[in-house]
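Engineer: One structure, as structure tokens, below. Some questions next.
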Amino acid sequence: TSVVMYPSVIRCRVHSQDASANGGNGHAARENWSNKRDYVLSLIGYAVGLGNIWRFPYLTYKNGGGAFLIPYFTMLLVTGIPLFFLESSFGQFCSQGPINIWRFIFSPLFPGVGIGMVMVTLLIAIYYNVIIGYSLYYMFASMQSPLPWASCPNSTTATTCSDKPSVYCNVSGMLTESVTNCKPSNIIKMDVQSPSEYYWDHVALERSSGLAQTGPVVWHLALCLLLSTILAGASLIKGIKSSGKVVYFTATFPYVVIFILLIRGLTLEGARDGIEYYIGKQSNLTKLAEAEVWKDAATQIFFSLSIGLGGLMALSSYNNFHNNVFTDTLIVSITNAATSIFAGFAIFSIMGHMAHIYKLPVSQVVKEGFGLAFIAYPGALTKLPVSPLWSILFFFMILTVGLDSLFAEIEVILTSLQDAFPKLFKSRRASLTIVTCTFIYLLGLPCITRAGIYWVTLMDSFIASWVVLFLVLLEVAGVSYIYGLDRFIDDIQMMIGEHSPRFWLWWRLCWFLFTPCILLVILAWSLSTFTAPTYGDIHFPTWGLSLGWLMLFFVLIWLPIAAIYHLRKVEGTLLSRLRSVSAPSKDWHPMLDMHRGERYPKEECVQRVDIPNEDDESSDHFL
């Protein structure tokens with residue numbers, strides 16, 4: 001390996017023969033996946049997250065049952081797959097993480113997009129780690145019979161807990177437990193908690209009354225959070241060679257558990273009612289006329305594929321250059337959608353059984369998010385024989401699904417830091433992993449105080465929202481209108497081979513027209529309909545909402561900072577500066593000379609003899 005020097009840029013060039021050790025396609029100076037399976041399973045583990053299990057089934061039920069699949073698959077085709085293909089191609093083409101991609105692909109105007117993606121991923125990793133800690137606690141708590149949330153505790157303080165139904169029907173002045181055919185005006189709700197809800201609030205979380213009542217750290221959750229962090233760090237400490245093997249288990253085991261839970265659920269009384277509520281006779285085609293249904297479909301596709309977080313770029317950057325990234329896109333996108341549908345059957349079959357036992361409509365027992373994963377579903381599992389076994393399986397599944405996503409989120413941070421600061425971090429993978437995981441653990445501690453669930457809700461509401469839509473809108477607009485679709489398609493064909501113009505017609509329409517327009521509409525809708533988040537009936541104080549907006553500011557501030565920084569470095573009028581920094585960067589090319597073909601200049605290796613100055617752009621920095 002030798003060094004090439006340009007007037008303002010210094011690059012290390014790896015000789016072609018060095019790359020032959022990796023089959024001629026890999027990068028000798030950069031780690032590669034051991035094989036294609038490692039990469040595909042890592043992508044599946046990253047894309048298939050908790051939202052597939054605890055949000056998609058609820059959205060399907062809410063938006064017309066089986067009819068919801070029409071907008072869902074339409075949005076998958078028009079936004080999900082095109083964006084997944086775009087981001088995966090980015091990383092594979094230049095073998096860099098999101099920060100360096102946005103430093104080098106377009107112009108100095110765009111580094112803030114890559115930094116913003118990494119900052120969003122960091123914040124998501126913090127509270128995702130906390131959710132994994134919750135699942136660990138519940139998994140350990142399940143190792144007893146009966147399950148501790150199967151009944152109310154024998155305590156004088158548990159006055160709000162009741163083993164009896166909280167919903168009754170008023171029939172001629174008499175209350176009956178059966179409300180299946182009760183008129184809505186006759187339904188009476190009692191102000192009590194079910195045993196599973198009481199356990200979640202008062203035992204697992206030790207939840208306070210609001211964000212202002214922080215209270216001490218809940219130590220059993222602190223230990224579970226520590227274990228979650230250790231599991232993630234140990235899997236990533238040796239790079240993708242180790243994490244790529246861990247996902248063989250963590251990415252496949254959830255499917256085994258979902259299948260087992262589905263088979264068990266189908267044998268229970270009431271399962272048919274649950275499935276019919278999910279996707280059967282409740283299917284309502286008239287819902288397709290409602291704009292909100294299409295918005296829900298688009299946002300679910302968007303976030304379930306983990307687009308806009310930098311993970312697809314980071315994981316794809318370790319691919320062989322000629323890997324068929326298009327095939328991988330189809331495999332992962334379709335698997336992700338199928339998993340959501342598959343998980344819905346397992347969830348609703350057991351929810352139907354719970355509704356049958358309590359003589360309630362399925363709509364009265366179905367929840368989403370934390371309510372489904374830690375209240376409704378655990379409560380339903382207590383009604384099954386050998387309930388601890390089913391509970392352990394369920395929470396172990398939540399654990400593995402969460403860990404897969406956390407692996408990729410931390411990998412985004414590690415890859416970005418190593419690429420942006422190669423001199424400092426490239427040879428210190430283990431130390432960087434330990435420091436990063438420790439940092440994530442410490443920042444997660446406020447989320448496991450007695451007010452922790454409010455912090456998790458606040459972060460989820462502000463971070464995993466329109467800010468990601470905004471970053472992706474900049475991404476697809478930059479490709480289509482600044483870098484140029486012709487140039488981008490030529491880049492992809494260098495990797496996967498030539499395809500006919502008819503093949504690219506659909507992708508051109510999506511990237512240039514359909515996808516940015518849909519993103520713009522959803523972004524405008526999200527901003528116009530934004531309401532302050534709540535946790536159940538509990539509202540956040542003004543200062544708490546201000547912190548949420550401050551987190552958004554922290555993510556987006558890098559966009560103008562990076563642009564202004566580079567505008568100041570260019571001489572000329574403001575208009576000429578804008579033209580200069582908006583031009584596609586000359587530093588955008590495949591890592592190895594052997595892959596550059598005739599479109600990109602090859603670097604001539606010379607011996608470095610000068611002393612770098614302060615303006616050397618190859619020095620370690622983000623911008």
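For all residues, glycine too, the Cβ spot is worked out from N, Cα and C.
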Engineer: Say TrEMBL lists Gly45, Ala47, Val48, Asn52, Asn336, Asp404, Ser405 as binding Na(+): which of Ser88, Ser89, Ser95, Ser304 is in the same site, per that record?
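Structural biologist: For the Na(+) site that includes Gly45, Ala47, Val48, Asn52, Asn336, Asp404, Ser405, TrEMBL also lists Ser304.
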Engineer: With reference to TrEMBL, which of the candidate residues Cys152, Cys169 participates in the disulphide bond with Cys161?
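Structural biologist: Answer per the record: Cys152.
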Engineer: Within 10 Å of the Cβ of Ala47 (Na(+) binding site), how many other Cβ atoms can be counted across all chains shown?
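Structural biologist: So the Cβ neighbour count for Ala47 (Na(+) binding site) comes to 26.
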Engineer: Under 8 Å, at least three CB pairs between the transmembrane segment (217-237) and the transmembrane segment (547-567) (pairs 6 or more apart)?
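Structural biologist: No, since the transmembrane segment (217-237) and the transmembrane segment (547-567) share fewer than 3 Cβ pairs closer than 8 Å, they do not count as touching.
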Engineer: According to DSSP, which kind of secondary structure is Asn336 (Na(+) binding site) found in, if we only use helix, strand and coil?
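Structural biologist: Note: Asn336 (Na(+) binding site) is helical by DSSP.
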Engineer: Between Ala47 (Na(+) binding site) and Cys152 (disulfide bond), find the distance joining the two CA atoms and give it rounded to the nearest Å.
Structural biologist: 38
Engineer: Let me spell it out: for each of the recorded positions (Val48, Cys152, Cys161), count the other Cβ atoms within 10 Å of that residue's Cβ, using every protein chain shown. Which one has the most?
Structural biologist: Val48
Engineer: I need the neighbours of the Na(+) site defined by Gly45, Ala47, Val48, Asn52, Ser304, Asn336, Asp404, Ser405. Which other residues of that chain put their C-beta within 8 angstroms of the C-beta centroid, in sequence order?
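Structural biologist: Filtered neighbour residues, in order: Ile44, Tyr46, Gly49, Leu305, Ser306, Thr339, Val401.
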